[in-house]
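**Q** The structure that follows is given in the form of C-alpha cells.
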Amino acid sequence: MSSTASSESNHKMASGSNEESSHLLESSVRAEIYGSQPAEQQNLLNKMVHTTGIESKTFPQYVAALSAAGGAFAAGTLLGWTSPAQNRLTGGEYGFPVSDAAFSWIGSAMTLGAAFICIPIGFLINMIGRKLTMLLLVLPFTLGWALLIWAQNVEMMYAARFILGISGGAFCVTAPMYTGEIAQKDIRGTLGSFFQLMVTAGILFIYAIGAGLDVFAMSLVCGVIPLIFGAIFVFMPESPTYLVSKSKNESAIKSIQWLRGKDFNYNPELEELKATEEQIKQNSVSVGTALLRPVTLKALAISLGLMFFQQLCGINAVIFYSTDIFKDAETGIDEDLSTIVVGVMQVIATFVSVMVVDKLGRRLLLLASAIVMALSTVAMGVYFYMKDNDNDSVANLGWLPVSALCVFIIMFSIGFGPVPWLMMGELFASDIKGVAGSIAGTSNWVLAFIVTKTFVNMKEALGSGQTFWLFAGITVLGAVFVFLFVPETKGKSLNEIQTLLEGNSNSNPIVVNNSNNSSNDNGNIN
C-alpha cells in the first residue's frame, strides 16, 4: 500500500513538474507578446531551458566546427597564394608575360569574386541549408584551381582568381553561421574562432609549400584541398536551427543528438528553437522590413564597423605584400623564410585567441588588438619615413619594421582577425542572419579589394611611412568604436544576444523579438 501510494505521489509530482514546465514555456511566449513576466518564472525558465540533467558532449561539436573550417583553410590558401607566386609569375614562369600591374589585378580579382557572391549566398543558405551550400562550393573551388593550374594567358588567371574568390567569400559567410548555430553557448566563441585559425593555417601552408614548389605544383596541391574538405564534411550534420526553420523537427533532433550526444535531453533546446521559429513566423516580414528593425540595424552597424576596421588596419596589405616589406626593410632574411615566419606567428596567435576568447571575452581581445596594432604601425611608419628621407639613418634599424610587423600580425590574429567573423555569426536574428551576414561579408571583401589594390598607390602618393601612419590612425578609431559600441557576447545564447541588443537587461532565452514595434511595446530601448 505504501509503495503504491508513493508511486502515485511520485507520478503526481512528475506530472505536476511537466505541467509546470509547460505553463512556464507558454507564459514565457505570452510575456514576450504582452510585456509581463514574473522574475521567479524567468529564473525557473532559464534553468529549464539550459539544464538537461545530462551534460552534452562537446567533442562532436569540435569535429563539426573543424570540418566546416576546412573551407576556411582552402580560403587561406587563396589569400596567401599571391606572396610566393608573385616573383615567379612576373619572372615568366608560366611562359607568358605577367606585368606588375597585371599581377595586382590577379591578386585583387579574388576579393572582387568574394564581394560578388556574399549577397546571393545569403539567400542560398536559407533556401537549401548551410551544409549543402558549403558542399556545393567545392565545385567552383575545383573549377577555379583548374583554370589557374592550366592557365594559358593572364585573362584565364583573372577568371580563375575571380571564381576562387566566389568560393572563398561564400565560405566566409556560411562557415561562421553554421558554427554559431551548432555550438552550445559556453564554447561558441572557441568554435567560432576556428574559422580564422584555419584561414591562417591555410596561409602558412601555402607559404611553406611555395618555398619549395613552382606555381604549377603549388596550385595543384591547393586544388586538392577543397575535394578533401567535401569528402569529410559530407558526414557532418545540418544546423538544427535551419532544420527547425524548415519544420524538419525529426532531422533537427538527430542533428542535436549527433552534436550533443545520444543521451542528451534534446527537448529543451528543440523547444527553444521551435518557440523562436514560431515567433518569427508570427511576425513574418519582408527582408527589407526585417533589415530595418532597430535591433537588426544596430547589429548591422556593429558588424559593418568591425569589418571596416579589420580591413582598414592594413592587414591585407601586410599579408599580400609581406615579402616586399621584408625586402624593403633590408633585413637580409630570405624572403620565403620571412613569410613562413609570419605565417607561423599568425597560426600560433590565432590558436591563443581560440583558447581565451570564451574566457576573456570579445571586447577585451578587440581593444588590446587595436591598441597594440596601432603602436606597431606607428613604428613601421617611423622606420620607412626615416628610410625614405635618409637611407643611412636606418642602417642599423632593420630589426624595427620586422619586429613591428611580427607584433602587428600576432595582435591582429588574437583580436581583429577572428572576432569580427565570430560576432557576425552571433549578432543577427535567425530570420535575417543570412542576408545581414552577407552584407557584412560583402563590405569586408570590398574593403579588402580597395586596400589591396591601392596600397602601392598610397605608398607612391603619400610615402611608405605616411601610409602606415594612416593605418595606425584608423586603428585607433577602431579601438574607440569597440569601446563605445560593441557589446560583450561571451556566455550568452543567440537569443539572449538579441535581447541585449534591444537594450533589455532581463534577457529571455526562448523568444527572439522580431517585430518593429514589440520592443517599444515592452519598454525596451533600441
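Including glycine, each Cβ sits where the backbone N, Cα and C put it.
Straight from TrEMBL, here's the annotation block:
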type	residues	note
REGION	1-22	region 'Disordered'
TRANSMEM	62-82	transmembrane segment
DOMAIN	64-490	domain 'Major facilitator superfamily (MFS) profile'
TRANSMEM	102-125	transmembrane segment
TRANSMEM	132-152	transmembrane segment
TRANSMEM	158-178	transmembrane segment
TRANSMEM	190-209	transmembrane segment
TRANSMEM	215-236	transmembrane segment
TRANSMEM	299-322	transmembrane segment
TRANSMEM	337-357	transmembrane segment
TRANSMEM	364-386	transmembrane segment
TRANSMEM	398-423	transmembrane segment
TRANSMEM	435-456	transmembrane segment
TRANSMEM	468-486	transmembrane segment
**Q** Looking only at the domain 'Major facilitator superfamily (MFS) profile' (64-490), report the model's average pLDDT.
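**A** On average, pLDDT over the domain 'Major facilitator superfamily (MFS) profile' (64-490) sits at 87.
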**Q** Taking a Cβ cut-off under 8 Å, which residues six or more beyond the ends of the transmembrane segment (364-386) line up next to it in the same chain?
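**A** Non-local partners: 306, 309, 313-314, 328-329, 353, 356-357, 393-394, 397, 400-401, 403-405, 407-408, 411-412, 414-417, 419, 463-469, 471-473, 475-476, 478-479, 482-483, 486.
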**Q** Residues of the same chain, at least six outside the transmembrane segment (215-236), with any C-beta under 8 angstroms of its C-beta?
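**A** For the transmembrane segment (215-236), the list is 63-64, 67-68, 70-71, 73-74, 77-78, 81, 84-85, 88-89, 93-94, 131, 134-135, 137-138, 141-142, 145-146, 148-149, 167, 202, 206, 209.
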**Q** Report, as numbers and ranges, which residues of the same chain sit near the transmembrane segment (102-125): CB under 8 Å and 6 or more residues beyond its ends.
**A** 78-79, 82, 86, 89-90, 133, 154, 157-158, 161-166, 168-170, 172-174, 177, 316, 320, 434-439, 441-442, 445-446, 448-449, 452-453, 456
**Q** Name the range, of those listed as 132-152, 158-178, 190-209, 337-357, 398-423, that has the largest tally of Cβ pairs under 8 Å with the transmembrane segment (435-456).
**A** 158-178
**Q** Answer yes if the transmembrane segment (398-423) and the transmembrane segment (190-209) have at least three CB pairs under 8 Å among residue pairs 6 or more apart in sequence, and no otherwise.
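**A** With 3 or more qualifying Cβ pairs, these stretches touch.
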**Q** Grab the same-chain neighbours of the transmembrane segment (337-357) for me: Cβ-Cβ under 8 Å, and only residues 6 or more beyond its ends, written as numbers and ranges.
**A** 80, 83-84, 189-190, 192-194, 196-197, 200-201, 203-204, 207-208, 210-211, 322-323, 326, 331, 365, 402, 405-406, 409-415, 417-419, 422, 490
